[in-house]
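Taken from Swiss-Prot, the feature ATP binding site applies to 600, 601, 602, 603, 604, 605, 606, 607.
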């Protein structure tokens, strides 16, 4: 048995879009068949049925109503599927045989432009990767905003590129099937598309650059052209950027510092507390800038100048915020314009946004000569009054969403529209009068003239009045409680009314397309305006945060220094309240004070102190004021952190292995301009190993890297490194003791401590009283018996006495080239040395 003609048509189309779930239009539904139906039924939680298709068995089928398909499509996209929409492209009434169908739209996670499928405040990236001549290139696009960027790195710096991919968090990626560095794809949560080979079609390359960059660009553009043919109109020249031209921090640092989100909710993050943006464009800009702070002194100073003007001018700031509040997302609207998906309501959004641009331009006129950025914003705000006037005279103030539904063109814009509208309205008046006339003629007071899309106009008479129906009524449909009729006269006027309505809807759509084409000429102006608005909104958000939280303008310098007076952690301070937060000073350079070794109990504030230093640097380098009484920030090229210990057992990695991998990454990538934060290094292994590794890392940083470093530890023995290793300074967190009660003062001061207050912290954590009291008894017994480090055999070799000539295991340990070893080699070697050490006992 062969398939039915309709199913053959389906299978032919499905063959061309085998990587998509095919939504096949049948009447008022999109139907899915075979494996697509099984998947959609499972993912959308809809009923799986079957359909006769000319085979012995019914084929699996499920469907969704076409008018509510968006929600279902969005759900499938969020779960990593692609969807192809196959429409009926001819009127079924006029079709001879099988209705013609074809795919009119493809939706994929990384290429959607409709706001329904997008997060308003988040960019939606798609990337392509290529490798050639020792380089790996990345091409990245944001289709909904028209952004296109390209970067490349040496194959030896693959981890840097991996970090950039994590920063972008793409929802889709494209690579050739023979792409070797699959390590780069492991963190992509969306779809990864594998192409057999580079498309044969010629894609024009209008830029010079490495072959890897050109190949990545070709892969991306060829894929996008299949999804969205207007893609070349969306993008201009790609932006070439170097990852190392921004302050670098990897995914671990982003999570540790809670820059974009914390573990519980997004609001308790750095982004969450400083986001005072009024537009979607500004919100995306702020998020983007927080993940790529600047390294250019002048660019930072220009931002700080603009923020300072906004901080000091209340009237300017609040007027601009009010204007921004009434601006729509011009960036994404301009792309919908290019793609031809813009609707009448979108045009009204553009119209309503333009006067706000005029007000903004007028407001910043008096400050454009005081700031480079205000001058740039002013220059990039075209007024586009022609666009406003065209929309204002042509489109009604509250049009329907669909341009094909009619009711979008204003009266007086087009004479023919006015004529059709008059004919339709006169016809509708005739219907009202006809209903009145028929009630009088028949004596049926409940008689109604109604309309639906299936039967057109009809007369409805209840069962109780059927004996009064005249002979010229022709029965059309029998209902439970009524019957429907038509008359020759009603049919005649139906043709006139529906003819006028159809002609009117068609003409309105034609006029809408003409208006859209005219506005398309201003697409670049719209994009420029959107970019300027995003920058302005970003700067105002920084100014509002500065006022809200009492931030001050930092001094930015090229010197390798970090000096902070009464610095605060902005997120913690917001959580506990300004009055309850204890500010702290910090001074770091690369000479006398290059590594602060911080001791103190858990919960005393060591991690907060370290994190706030990094957050102050990030804020300063995006051009923001900072939470401190005074801050002098020497440009930092990388912030590298090891804070907290999170087991990665799912990947077969223990706490200690994760710790060593992260430390290895820091030591390999840090430079003298970096800021390093190391919290409790070595605690994932035995005391001997932990202290040895911690000291070796400190020595390496001080001798080889010379970076500004904050190093917290519970190994009090390490405090002896002050005076032995240049640049190491001891700092501790003040604690107040009163009997068995301990108060953490959260004040970081020069000095050291030899107490951990672990039992007290256990008490705070709610351990049973019996356990806590027993712990104090055992501690007292140890102390009474003299079981202290200074009275017994040392728990480690003294770090600071005259050292004997190394031999055996120690000599082997010293000779290890830790930086060149992989984490696995280091772990294996450590195990081997431990076995040898046990043998030497």
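In case you wondered, yes, glycine gets a Cβ from its N, Cα and C as well.
Each of the binding-site residues 603, 604 was scored by the other Cβ atoms within 10 Å of its Cβ; the lowest score goes to 603. Neighbour counts of Cβ atoms within 10 Å were compared across the binding-site residues 600, 601; the minimum falls on 601. In the three-state DSSP scheme, residue 603 (ATP binding site) is classed as coil. Excluding 600, 601, 602, 603, 604, 605, 606, 607, which define the ATP site, the same chain contributes 712, 733, 744 within 8 Å (Cβ to the Cβ centroid), listed in sequence order. Taking a C-beta cut-off of under 8 angstroms and a sequence separation of 6 or more, residue 605 (ATP binding site) has the following same-chain neighbours: 582, 733, 744, 746, 748.
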